[in-house]
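Comments concern the structure below.
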Amino acid sequence: MERSAGTGANERSPLLSSTSDHESPNTSRSLSPSTETNQASNPDTRRNGAHVSRQPMSYHSINGGYSVQSDSVDDSLQTSAVISRYKYYNRLAPHQESPLQMPDHVVPVTIHVSHPLSAPGQQNSFITVFSLWNTMMGTSLLSMPWAIKQAGFINGIALLVFMAGLMFYTSYRILKCVEGQTLDGQMVEFSDVCRRFLGRGAEGIAVLSSLLVLLGGIIIYWILMSNFLYNIVSFIYRYVVDGASNSNDDNDALCRGPTGGGGSNNSISNVSDSLLPSFTSSVSSGSLWLHNAYQDGSQQHLLFDKIWDEYYTVPFFLILILVPLINFKSPTFFTKFNALGTVSVGYLICFVAINMYRWGFHLDFSAKPSSPQYIAQFKGTFPALTGIAALAYFVQNCVVSIVRNQKYPENNVRDLLIAYVLVALTYVYIGFMFYAAYPLDKNCIEDNLLNNLKDTNIIAFIARIGLFFQMMCVFPLLSFIFRVQFMHTFFGTLWPGLKYVLLLNLILVAISVVFAIFLPHIGKIIGFVGAFCGLCYAFALPCLVYMKIRYEENTLTWPVLVFHSVLILIGLANFVGQFVILGES
């Protein structure tokens, strides 16, 4: 506001200005910097025979601090005295009806009141939908046919749609809970909302769940990159040494386990058995190159096999490639390759369509249960799918950040719904098409669909190369985000020191290598991580926060309480189910 100053504008009362001795303007803070557009228009005042230009000041609040913009100490003290008078009179006359109004001569020429305004977003709905879709698209794509096999054909597709609906609803609840909650003028994260309504314990659970999702992604990426690197080098070695021609005939489907064995998880009982002749002899004819290596007794092949082992040596070779990449202080360089993720998903969609065209449909619903062509409609191991789906649809920890810059925030819910529909269609497409086209026993489908094609398949070879380089660029980003959240939570800073960063990276690499050696089954890892994080972050916390808000507003009804309690129980049952099927999936 602007009011003209009287003749006493520059007088200083010792009583009213005494607070300036202990309220230094330099120690106060303001929500946002004051504007300087009116500096030129401020009149000059004469003091001690010299012209001194009055500077604009920023008055934060009556009871809060204030900031002063001045070129001299005297100006700062004078402005401090004026603000002290302003505070004094406002305490005397807190209401407009009071007769003790602040005199005009005490009011400075110009008072700038800081009011934080959020800048309008520039992100349109297309970018929002694409960002949500791209965030949810991950390694779960490779496990979708295996997940449908574990749940049964019809039951698996229905559960994929059902889980998409549940995860959409809890993401919607998170957006609604965050609306209206601000901190320093900025939209808060959901973990801040959990602390506001449920306490610091809930905030800790939210942070732990987010860290566990990242850790699970790091482990899964290490396992997959070990698998891809092993197959890429084996393909090149076989082509160079043996001069083998690429096989792209219609019989390149691969079953690495015995009939009814349930894929790799049942066909490989432990790591040491994976390369024995008893294992390779059960492989369908003309599939694995190692089978011929053992038969012809080639010492060169045996030496290569000993050095280049998917489980015993390749995870360690991977250290030489990835460790230098994860110790950068900033991963800005790797963010330039985010588009590779979209390219990889598009290639997998085309990859499945090509195999469908070459193999055709192989669904015989009339086959007897004892037949290798039998298609189970329902299986008791369906929690394997719901666990994978909980992580496949998991976007709750970053949905607020993605929609924060939305140009039209009123479209957030609509865009979120569209994204979930597209994600569900993509997952169902990959799972259904590969499962229906796979020409061998459906029980042979593995949790990495690329393992169901011979290593001589050229389109699978290209897919492995693309996915390997894409994951190699994303892996440093995952490690960086995990490091930032971990260090900020436990140290209060993003970079506590090089030794702490190196120690954390060493622990992450050690955990990843151990899993790549002793538990290289991404389906089980995705299931457990997804079920636990789904229980905590996707089901329990959104529902509890929503019910607490309704309770404080005195609008909590029994239907709302029962419905959201059932959602929490579904998440708990999903987590417990992972242990129930541990020896069967």
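Cβ coordinates are placed from backbone N, Cα and C, and glycine is handled just like the others.
What TrEMBL annotates here:
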COMPBIAS  15-43  compositional bias 'Polar residues'
COMPBIAS  55-65  compositional bias 'Polar residues'
DOMAIN    126-236  domain 'Amino acid transporter transmembrane'
DOMAIN    316-577  domain 'Amino acid transporter transmembrane'
REGION    1-65  region 'Disordered'
TRANSMEM  126-147  transmembrane segment
TRANSMEM  153-172  transmembrane segment
TRANSMEM  205-224  transmembrane segment
TRANSMEM  311-328  transmembrane segment
TRANSMEM  340-361  transmembrane segment
TRANSMEM  381-404  transmembrane segment
TRANSMEM  416-438  transmembrane segment
TRANSMEM  458-480  transmembrane segment
TRANSMEM  500-519  transmembrane segment
TRANSMEM  525-546  transmembrane segment
TRANSMEM  558-581  transmembrane segment
- State the residues, same chain only, that lie 6 or more residues beyond the ends of the transmembrane segment (500-519) and have a CB under 8 A from a CB inside it; answer 'none' if no residue qualifies. 215, 218-219, 221-223, 226, 271, 311-312, 315-316, 318-319, 322-323, 326-327, 479, 482-483, 486-487, 491, 525
- Is the number of Cβ-Cβ pairs under 8 Å between the transmembrane segment (416-438) and the transmembrane segment (340-361) three or more, considering only pairs separated by 6 or more positions? yes
- Per Cβ pairs under 8 Å, the stretch of 126-147, 340-361, 458-480 packing most closely against the transmembrane segment (311-328): 458-480
- Task: Please check if the transmembrane segment (205-224) comes into contact with the transmembrane segment (126-147), where contact means 3 or more CB pairs closer than 8 Å and the residues in each pair are separated by 6 or more positions.
- Result: yes
- Message: Counting CB pairs under 8 Å, which listed stretch among 126-147, 153-172, 458-480, 558-581 touches the transmembrane segment (340-361) the most?
- Response: 458-480
- Item | Segment-segment contact (the transmembrane segment (525-546); the transmembrane segment (458-480)) at 3 or more Cβ pairs under 8 Å | no
- Note on the structure: Reduced to three DSSP states, the domain 'Amino acid transporter transmembrane' (126-236) has 95 helix, 4 strand, 12 coil
